[in-house]
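Colleague: Take this structure, written in structure tokens, and hold onto it; I'll ask about it next.
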Amino acid sequence: MARSVPLLWALLPGLAALEPLSVGLAIGVASALTGYLSHPRFYCNYVECCPRPGQRLNASALKAQLDNRLFGQHLAKDVVLKAVLGFSNNPSPKKPLILSLHGWAGTGKNFLSQILAEQVHPAGLRSKFVHLFLATLHFPHQDQVKLYKEQLQNWIRGNVSACPSSVFIFDEMDKMHPGVIDAIKPFLDYYEEVDGVSYRKAIFIFLSNAGGDLINKAAFDFWSSGKRREDIQLKDLEPLLSVGVFNNKNSGLWHSSIIDRNLIDYFVPFLPLEQRHVKMCVRAEMTARGYAVDEKIVQAVADEMTYFPKEQKIYSDKGCKTVQAKLDIHEDFVMRDMKARA
């Protein structure tokens, strides 16, 4: 009841003029009010709190976000949904959840990691419990790898101590200096605790363009043989990715002990996007801006993208990455059209 003292002292001048019964009632009300205000649930309405132990993700909300915002990635949706929900529902996981997302730029890797972060911590990338590392920004110099490793260990240790369900996103893994990421290997392994800290509730996500060529070739081979894109399964790509990334000298996971120890739970392939998927991105962006979807604009933006292979022109070479910029060019036309309809 120590927290009640300041409030009670503030009430004392008024309490002195009351009858004993009134004084007792006032003290009871003040104590109850102070207890309510100091309750964690009330506090967390105004200040971001780490999720309570045992708090689970909303499965239907996560699925809806993936269905409505991520296009052309049936494999990534299925794998991540099952992996994350299984991890969330496990009261005592043996290790952190580790996902490695691979594919060309613009295919949705960053988008998916943002959606996942928002489901774990509603503030998403703005949350103090979600941490984004960019290889070219945070680990730029080859001659400072030893320093980066020490800083990274200290940073992760401190943040997981503050919130066990912290989310760590490492972008541009294909540009990270080999050896840096191995600094966190002890935190990813099957240890109950490391120096008194448990990392088993944390989530680590690696994003990389490495392996994109392997994924694109496999997708094209399916197309060439007349098979449906949606028939591609994880088993068709994951073995190629794990070996290819491990042996890729231009990857931060080159000969990494994290792969060697089989600590990555899933290598998640992001397929190259076809024009129909680019159109989905354009429609979603128009809707997000409050515009009525105009199929002429949708087609115009999709036609301005470049596609590969050179002969067949099936896949967008930038995915949906430049959709926003290209839609900006058509914004004046869209606004005039909206005014005309009004």
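Even glycines carry a Cβ here, placed using N, Cα and C.
Unlike curated entries, TrEMBL annotations are predicted automatically.
So TrEMBL lists these for the protein:
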SIGNAL    1-17  signal peptide
BINDING   Gly103, Trp104, Ala105, Gly106, Thr107, Gly108, Lys109, Asn110  ATP binding site
DOMAIN    273-328  domain 'Torsin-1A C-terminal'
Colleague: Determine, for the ATP site, the additional residues of the same chain whose CB lies within 8 Å of the mean position of the CB atoms of Gly103, Trp104, Ala105, Gly106, Thr107, Gly108, Lys109, Asn110; present them in sequence order.
Modeller: Phe111, Asn209, Phe270, Gly319, Lys321
Colleague: Could you say which of the binding-site residues Gly106, Gly108 has its Cβ with the most other Cβ atoms inside 10 Å?
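Modeller: Counting every other Cβ within 10 Å of each candidate, the maximum falls on Gly108.
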Colleague: When you measure from the Cβ of Trp104 (ATP binding site), which residues in the chain that are at least 6 apart have a Cβ under 8 Å away?
Modeller: Asn209, Gly212, Ile215, Asn216, Phe270, Pro272, Asp317, Lys318, Gly319
Colleague: When the number of other CB atoms within 10 A of each residue's CB is tallied over all shown chains, which of the binding-site residues Thr107, Asn110 has the maximum?
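Modeller: When each Cβ's neighbours within 10 Å are tallied, Thr107 tops the list.
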Colleague: How do the residues of the domain 'Torsin-1A C-terminal' (273-328) split into helix, strand and coil according to DSSP?
Modeller: 30 helix, 5 strand, 21 coil
Colleague: For Ala105 (ATP binding site), just count the other CB atoms lying within 10 A of its CB, please.
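Modeller: Here the count is 15.
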Colleague: Counting across all protein chains present, how many other Cβ atoms fall within 10 Å of the Cβ of Lys109 (ATP binding site)?
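Modeller: The answer is 27.
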Colleague: When a 10 Å sphere is centred on the Cβ of Gly103 (ATP binding site), how many other Cβ atoms does it contain?
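Modeller: Taking all protein chains shown, Gly103 (ATP binding site) has 28 Cβ neighbours within 10 Å.
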